[in-house]
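As recorded in TrEMBL, the features of this protein are as follows:
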- 318: active site (ACT_SITE)
- 562, 731, 761, 763: Mn(2+) binding site (BINDING)
- 634, 898: substrate binding site (BINDING)
- 46-476: domain 'Biotin carboxylation' (DOMAIN)
- 553-822: domain 'Pyruvate carboxyltransferase' (DOMAIN)
- 731: N6-carboxylysine (MOD_RES)
- 1136: N6-biotinyllysine (MOD_RES)
């Protein structure tokens, strides 16, 4: 019988086209070596008991064929295969290879024969690989009186050896590719062949290797490495490292998808193959088989060039992986046929005359392997945390180690599952295969499924028109959309919390409440228009004019940003903010804006909440389409704490507008006009509403406070108006305004600028906020900041409900429904209990009018208190507040808002820790090591303070360090965003990096990198409800996680194991959607003394890690060696594949962390360099 098969190859292989003819013809009469030596050959007989000298999927495949024929089965297994299914599937199984390597165990002919004889085995099936093409093994079987299911020893000797097979083809008048007549003995012989025939050349294992032991060399520099790797792999695979060399023919038709010379996709029958060509090829195959007296199943392989000429390549004297395709389109069980032929049956007795074999439909086989196609198909090993197989009409699954909890070993081939699809046409078979591959759910190890899907979707593959340039011309085949793997990552997150504690550090020991706050459901179609529509219709100037002309006072709600920054350490999650979105949009459409972005929330989102701030913005905008969004912009620092080139601020503002921000409150912590100008101009270019801010400090109503008097602020307003501000903000970040001062300041501005909208921001630390707002409206203010009642007061903003009630039935009535405010507040009162670990009320029980003395900003007050406790200064907080006043004076009485407020706070805590009075600090200034923030401030890194720096203190603190007297960012070169994006994509992958991630990186490089790594490990943790996110569920508690609309995970934590002493891990058991799953997590506390191999730090170029799990075969360098970029450091082996680890850079070997024979895991540290 025969099948002509169309296949493909990847660029990692020889890119040849093979045509196959599967033969089972009667063996020619011959005198065997046994007969010549007077040894009586075995008599053919019925097979009642059969041993499979192999493992895994092929062993099980043969067992199944035997079971259907009532033949008892025997398995052999190595110590490493003790838990493998092929051992269990057989009627009997026996351990072999004691003291041998995992591969050598299956190559031990004497022991296999001994097991067979000891257990009355009639026949041995070799499967494929290992000893399947070893003539000595077939001969040993015959000499022991055991049937060998395969060709005779003489035929294997002749055809299993590639060199001898070539000679047989020449004798049979079958065309061949130019190659060496005999196996080459050394590299010099290879070079002589190259000198005659040129490059490229293909080095191949002389005794076969199932794709192992093959390397292409295209130039001199590749030849030695290719020779060594091919020989070493061949020896590991079949016990013989001899090679032969042939000319490598390019630009031929593809027949198999291969990686590293192993097929991964096969199809039958061949597409687009002319019938006369098929007949010529099959005729040559039959002629060669008859010439050598071949019996049983085998494969004759040919290469077809682009001129339609075919060349003999080799004969595979064994069953092949892809024979399943032949079985599917012919209905013939090839394994059963092999066994019957071995029993002495003739083809007519089996109904296998050639004219009776008909091809029905089409078949596609995919070899699903545990390899990562994104990393050049590197093998992956480990535990299958999840395995869910495909099923359905037209799909066949052949597997062995594919089940949940199976351990994928590094010692053997990476084949996990063979998936075979059958349908009426090639295209329909491909569709079924795609469906099946998508049904698989495999977690714990990487697989090649993404690559298989890319090929199966490609039009050229579907049409059967591919050539050897197919993969080279289609690099998109190697671009993969990574599996989201959300459920597994989320379970990993819960497991980590349950074993090692919260991944977001908690501020106190108080735990979140068990509560699920809710608001009434709102339909989007019911949302009224608001001020967002006014802005969209008229633009920023028209918007500002409409605000000024509006007859009612307007409110901005800070609940979504400054309120929780002030009360809950900025820890409120998007998950809870989104719950309020529709309710706010429906019931508070008259709000001037919602402050929901910028400031400290930007980096905290990534750093502690593990979510993207840009996603927060777009998700809230989707829910709230009718109210303008406002953010806090730190002038020339955007949302960062560093100085940036001006093009960064421009791009940041434009992106913010694109993602949903409307109004920018632009401020500078020192009211430094050059910094303010950068932010104002950037917002103007982005067509945002410019709300320039004057940061308020001091007391304009006190004639004794000279520095920040009314004249100072009016001059500053003049500057802001000249720069084109649309709205003026008075930013009272410490809550220092008093009603008299408010009236004086607002009235003075209103008199000078009657058409300029005025927006007041304050904190209610002293409890005077509502009084100040009433005074502000009387003086002509247009907008004030409030927070919903449950999130107001103390260091937050004044209460929304209180102000609404105070203004009812007056000319300043807001027309806001107080009952709706109450309902909104009730939600936040409950939600606040979820953030109990971060509550300011843990340490702060009320507001305090001493703020008029210490001038600590509201947003800093609670943070400073937390910091004091963490530094062991909790009982000395009153001293810290006093020191804050003194530190402010030492620094020159500066405006205090982030980052200047932090500088004052750092100096204050420094003074308390070191028990320094102001006088002592000045006296000992030469001996003290000041906080870096204080030094940088004195250098001028955040700008120039009003009135200049205090001297001589500045000069003494700097101790000769450079001073900056101009705008800090003015001399910085424009940033190359494309270069940064390319570097990030190279490091994390194209799919991980968006434009907004580049901007996040520019603002906070390390924070963004840590966020991406966290997301890779733990997935979209923003979909957890807040209590679960912070502290995890209790045992037995059912939780629901909506990973996307209409897709919900039902999870129950069942148990946590005791410590596993060998690994230092604990196993956490779950029920997920009714199915049992488990995760193993390293117990960091218990495993401190557990010795583990160090991992590579990927951020350090001088560290080189293992690209895959495996065994160290050969360390090529020693400590102290000077190496060049690209030089080979060592060779790793896994799954019979060898990988060369090369140095990514030049340097000197500082330390080698591995030795020959050592097993390593992926990312284990191999070598350190001194650069």
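For all residues, glycine too, the Cβ spot is worked out from N, Cα and C.
Annotated features taken from TrEMBL, shown on the structure.
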| residue | record | Cβ contacts under 8 Å, 6 or more apart |
| --- | --- | --- |
| 318 | active site | 126, 127, 128, 132, 133, 150, 297, 298 |
| 634 | substrate binding site | 599, 640, 667, 668, 669, 679, 898, 899 |
| 731 | Mn(2+) binding site | 665, 667, 693, 694, 695, 696, 761, 897 |
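Other Cβ atoms within 10 Å of the Cβ of residue 898 (substrate binding site) number 21 in total over all chains. Among the binding-site residues 761, 763, the residue whose Cβ has the fewest other Cβ atoms within 10 Å is 761. The predicted model assigns the domain 'Biotin carboxylation' (46-476) a mean pLDDT of 89.
Within 10 Å of the C-beta atom of residue 562 (Mn(2+) binding site) sit 30 other C-beta atoms, taking all shown protein chains into account.
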